[in-house]
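K.L.:
Got a structure for you, questions after.
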Amino acid sequence: MNYNKKSIEDIDVKGKKVLVRCDFNVPLNEGKITDENRLVGALPTIKYLMEKGAKIILCSHMGKPKGEPKKELSLLPVAKRLSEMLNKEVIFADDDNVVGENAKKAVEDMKDGDVVLLQNTRYRKEETKNEEVFSKELASLADVFVNDAFGTAHRAHCSTVGVTNYLKEAACGYLIQKELKFLGNAVEKPERPFVAILGGAKVSDKINVINNLLDKVDTLIIGGGMGYTFLKAQGYTIGNSLVEEDKVEYSKEMIDKAKEKGVNLLLPIDNVVADKFDKDASPVITEDQNIGEGYMGLDIGPKTAKIYSDAIKSAKTVVWNGPMGVFEFKSFANGTIEVAKAMADSDAVTIIGGGDSAAAVNILGFGDKMTHISTGGGASLEFLEGKELPGIAALNDK
């Protein structure tokens with residue numbers, strides 16, 4: 001895939017109507033935004049376009065309204081908060097059909113530097129099916145398209161891909177540019193040693209990632225729920241731990257592939273276990289890899305955490321996707337904390353692949369110590385799998 005795409009700095013936007021696909025899919029509680037990270041992430045692109053005298057038309061989805069208007073998934077709270085952040089009124093075009101009379105009038109009345117926000121694109125059933133009719137309507141409002149929503153770059157929807165069929169100029173915003181730079185370099189030309197850490201519950205979610213990364217990394221570290229499937233593949237007992245029986249054979253193949261490729265594959269050598277999945281369960285540390293009857297693994301053990309941390313300390317590039325244990329439960333958060341600490345203390349390029357690991361790093365207060373925290377869980381995974389991301393492929397090449 002070609003990651004060398006035109007950015008907003010490569011196009012003349014003065015006086016032009018610029019449709020910007022943002023990721024404003026933020027959590028709401030009673031109409032209040034509880035996590036503003038995604039809004040903050042969009043500001044550099046919006047501010048640049050304002051300074052350059054563009055007419056800025058923002059669009060995004062929120063949640064899964066499944067093709068019909070749902071008041072609780074309206075982008076009105078986003079328009080209000082953005083107005084405060086930009087010190088400028090963001091006009092909210094509240095049309096249930098997204099491109100309706102309000103949107104058309106708001107866009108018609110725009111002066112250079114003005115900002116309009118359209119209603120939730122997923123109010124339209126055509127959006128997720130990438131149907132022409134809605135793509136055309138969105139494109140009809142603008143002269144130029146800018147995609148700055150990395151979180152949905154792996155989806156071919158009207159607002160990410162379809163509009164590019166009708167707008168000649170299509171470039172990426174600063175957020176996607178940054179994602180492409182860091183993730184692209186990690187996958188294409190990493191500084192070595194290159195260490196990848198994969199956690200989370202399921203091997204099946206990460207099958208292609210494991211396979212692709214074994215061709216690229218020097219060390220692959222595996223923790224989290226998926227570690228138990230690998231332990232079973234090595235012949236250890238895993239008690240009542242999470243396991244994917246149908247992936248045991250695949251895990252054996254990956255262990256063999258790592259040997260073949262000369263990749264240092266690190267798996268747990270001890271575990272923190274409990275007799276139930278509960279935040280108040282008593283943690284027990286195992287002597288070795290084996291987990292006894294009636295117990296389930298809920299975190300990597302201290303010896304494992306030390307080995308993983310040492311591997312991170314000697315790395316020049318580290319990519320992490322997925323926690324090492326049930327970090328929401330205090331007694332089983334230590335593995336994730338140790339990995340995050342080792343990355344925070346490292347002078348390597350450290351990249352967090354969105355989703356749960358990003359949440360963990362931010363909760364632990366290490367966010368500002370990382371080189372880059374990806375804004376897209378699913379998109380960053382597909383990127384690490386080596387897949388082409390439709391929302392990026394559709395933009396103009398440099």
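One is the number of the first residue shown, and numbering goes on along the chain from there.
Every residue gets a Cβ built from N, Cα and C, even glycine.
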K.L.:
Name the residue, out of Arg122, Arg124, that Swiss-Prot lists for the same substrate site as Asp23, Phe24, Asn25, Arg38, His61, Met62, Gly63, Lys64, Arg155, please.
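P.N.:
Same substrate site in Swiss-Prot: Arg122.
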K.L.:
Measuring Cα to Cα, how many angstrom lie between Lys206 (ATP binding site) and Asp23 (substrate binding site)?
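P.N.:
Checking the Cα atoms of Lys206 (ATP binding site) and Asp23 (substrate binding site) gives a distance of 24 Å.
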K.L.:
What Cα-Cα separation, expressed in whole Å, is found between Gly355 (ATP binding site) and Asn25 (substrate binding site)?
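P.N.:
Between the Cα atoms of Gly355 (ATP binding site) and Asn25 (substrate binding site), the distance comes to 13 Å.
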K.L.:
I'd like to confirm something. Which of the binding-site residues, Gly297, Glu328, Asp356, Ser357, has a Cα closest to the Cα of Asn25 (substrate binding site)?
P.N.:
Asp356
K.L.:
Quick check on the binding-site residues Asp23, Glu328, Asp356: which one has the highest count of other Cβ atoms within 10 Å of its Cβ?
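P.N.:
Highest number of other Cβ atoms within 10 Å: Asp23.
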K.L.:
Using a 10 Å cut-off between Cα atoms, which of these binding-site residues sit near Gly297 (ATP binding site): Asp23, His61, Gly63, Arg122?
P.N.:
none
K.L.:
Please name which of the binding-site residues listed here, Glu328, Asp356, Ser357, is nearest in space to Arg122 (substrate binding site), Cα against Cα.
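P.N.:
Of the binding-site residues Glu328, Asp356, Ser357, Asp356 has its Cα closest to that of Arg122 (substrate binding site).
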